[in-house]
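Student: Attaching a single structure in structure tokens format; questions to follow.
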Amino acid sequence: MSQEIPVVKCPTCGEKVAWLPENKYRPFCSERCKLIDLGAWANEDYTMPAEEDEPLSDEVLRH
Ligand SMILES: [Zn+2]
């Protein structure tokens, strides 16, 4: 009997992380990487493609 442990990549550094309940920082490999990622969001280092998600209005199409 072998139990498969899911492995994910840390979004911050790409390190392989075992998806275990005791790994409270998953999908990050460490608290540091988690904080880095959260900090990046807070600093708006990521660009949100918000405009692409806006649905086309029917009113505009029916002009
Ligand atoms: Zn990491």
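Cβ atoms are placed via backbone N, Cα and C, with glycine included.
Bear in mind that TrEMBL entries carry predicted annotations, made automatically and left uncurated.
Look at TrEMBL and you will find Cys10, Cys13, Cys29, Cys33 tagged as Zn(2+) binding site.
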Student: Other than Cys10, Cys13, Cys29, Cys33, which residues of the same chain sit close to Zn(2+)? List them in sequence order, counting a residue when its Cβ is within 8 Å of the Cβ centroid of the site.
Tutor: Pro11, Thr12, Gly14, Glu15, Val17, Phe28, Ser30, Arg32
Student: Of these binding-site residues, Cys10, Cys13, Cys29, Cys33, which scores lowest on Cβ atoms within 10 Å?
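Tutor: Cys13, out of the binding-site residues Cys10, Cys13, Cys29, Cys33, has the fewest neighbouring Cβ atoms within 10 Å.
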Student: Any idea what DSSP makes of Cys33 (Zn(2+) binding site), helix, strand or coil?
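Tutor: Looking at the DSSP assignment, Cys33 (Zn(2+) binding site) belongs to a helix.
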